[in-house]
Amino acid sequence: MTNIRKTHPLLKILNSSFVDLPTPSSLSSWWNFGSLLGVCLAVQILTGLFLAMHYTADTATAFDSVTHICRDVNYGWVLRYMHANGASMFFICLYLHVGRGLYYGSYTYTETWNIGILLLFAVMATAFMGYVLPWGQMSFWGATVITNLLSAIPYIGTELVQWIWGGFSVDKATLTRFFAFHFLLPFIVTALVMVHLLFLHETGSNNPTGIPSDPDMIPFHPYYTIKDILGFLIMLTALSTLVLFSPDLLGDPDNYTPANPLNTPPHIKPEWYFLFAYAILRSIPNKLGGVLALVLSILVLAIVPVLHTSKQRSMMFRPLSQCLFWLLVATLLTLTWIGGQPVEYPYVIIGQTASVLYFMILLVLMPLTSIVENKLLKW
């Protein structure tokens, strides 16, 4: 008799995705981050759902409702800090996942890659709107500064900003709609994740060598289910440690002051995972130019498959490209540091240099290096 998991209309979809899925036998731990992102998303939706039961999206009570969650709700502080630090874990896994894709040439699966970029934008939008909800000083001023960037769009900019605000400043209407969108977007992200997996399973997984692995496949279960569970345990241990020992390590002290439109904080900055993009934005003295650079800092990933000039897919056997890749990582870490610093010498010039280098590596140096490597191998 055929197993029910192979015949049942619903179960056979799950079976072909997580049980009998043919998977390359050589996948390293860098392939764990996809499933870790799934766990992060589940944790965020669950904790977010329980937080939404106690939160009130009103400028008069939002800050107090978050305080109430932390002080009066049973284990409310765990929910709140799991959600806040869960977002940090989400972005750590997200950036490592994208980095893996760049290093091993996974971007040649263009549909999967482009859905991934769409997912990155959706998660960033969700995180930004979530940061506004506690209605602290950094929530309010972060929302004001970032939404104001849209006013740089020619002709329609000012009207667009007022339309998003629901008035002439960030106020009650803005908070209410941000809460609505923050609640809705994770479910859209979940749907996009399914499309992402659908396209991935059309082609099968890439592997560290970048060589087709059709002759050497193993079933996903039990090999990679066990491997993924180890990843889950490591990540959840790290998250729990962060939540239970230093929950405010990655937050901003300014957000413990209720929002005050009459008092601007000395340094307005987003959460750490947006600092690299914020540094790129600030490195251009023109408003519209800065906004374009900000969008392109992520959108540039969409051009990467077009600029793949190497005869090899993965960087595993390409030492020159590897050096460039790690230079790119160092550049991003530098940008993250600069994004948290005040706008003064020498931070401005370091930020501008790192921004130029970031785009240079991805758009010019990597394709040229690949051509040089092809020549060295007489290909």
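Residue 1 is the first one shown; counting continues down the chain.
Cβ atoms are placed via backbone N, Cα and C, with glycine included.
Note that the structure is a prediction, hence the values are computed from the model and not measured.
Positions annotated as heme b b562 binding site by Swiss-Prot, on the basis of similarity to another entry: H83, H182. According to its DSSP assignment, H83 (heme b b562 binding site) is helical. Spatially close to H83 (heme b b562 binding site) yet at least six residues away along the chain are Q44, T47, G48, L51, judged by Cβ distances under 8 angstroms.
What Swiss-Prot records for H97, H196 is heme b b566 binding site. Within 10 Å of the C-beta of H196 (heme b b566 binding site) we count 21 further C-beta atoms, all protein chains included.
Residues annotated as ubiquinone binding site in Swiss-Prot, with similarity to another entry given as evidence: H201. In the three-state DSSP assignment, the secondary structure recorded for H201 (ubiquinone binding site) is helix.
Under 8 Å from some Cβ of the transmembrane segment (33-53) lie the Cβ atoms of residues 69, 79-80, 82-83, 86-87, 89-90, 93-94, 96-97, 100, 183, 186-187, 189-190, 193, 228, 231-232, 235-236, 239, all in the same chain and six or more residues away from its ends. Positions annotated as transmembrane segment by Swiss-Prot, on the basis of similarity to another entry: 33-53 (among others).
Counting residues 6+ beyond its ends, the transmembrane segment (77-98) has Cβ neighbours under 8 Å at 30, 33-34, 36-37, 40-41, 43-44, 47-48, 50-51, 66, 69-71, 116, 120, 123, 127, 130, 235, 238-239, 242-243, 247, 250-251, 271-273, 301 in the same chain. Marked as transmembrane segment by Swiss-Prot on the basis of similarity to another entry: 77-98 (among others).
If you look up Swiss-Prot, you'll see 113-133 (among others) marked as transmembrane segment, on the strength of similarity to another entry.
Swiss-Prot lists 178-198 (among others) with the feature transmembrane segment, giving similarity to another entry as the kind of evidence.
Residues or ranges marked as transmembrane segment by Swiss-Prot on the basis of similarity to another entry: 226-246 (among others).
Residues or ranges marked as transmembrane segment by Swiss-Prot on the basis of similarity to another entry: 288-308 (among others).
The transmembrane segment feature in Swiss-Prot is assigned to 320-340 (among others). Distant neighbours of the transmembrane segment (320-340): 99, 102-103, 269-270, 272, 274-280, 282, 310, 347, 350-351, 354-355, 357-358, 361-362, 365-366, 369-370, 372-373; these residues of the same chain sit at least 6 beyond its ends, with a Cβ under 8 Å from one of its Cβ atoms.
According to Swiss-Prot, the transmembrane segment annotation covers 347-367 (among others), on the basis of similarity to another entry.
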Restricting to the chain of H201 (ubiquinone binding site) and a gap of 6 or more, list residues whose Cβ falls under 8 Å of its Cβ, or answer none.
S16, S17, L21
Same-chain residues six or more away whose CB lies under 8 A from the CB of H182 (heme b b562 binding site)?
T126, M129, G130, L133
Measure from the Cβ of H97 (heme b b566 binding site) and count the other Cβ atoms within 10 Å, all protein chains considered.
20
In three-state terms from DSSP, label H97 (heme b b566 binding site) for me.
helix
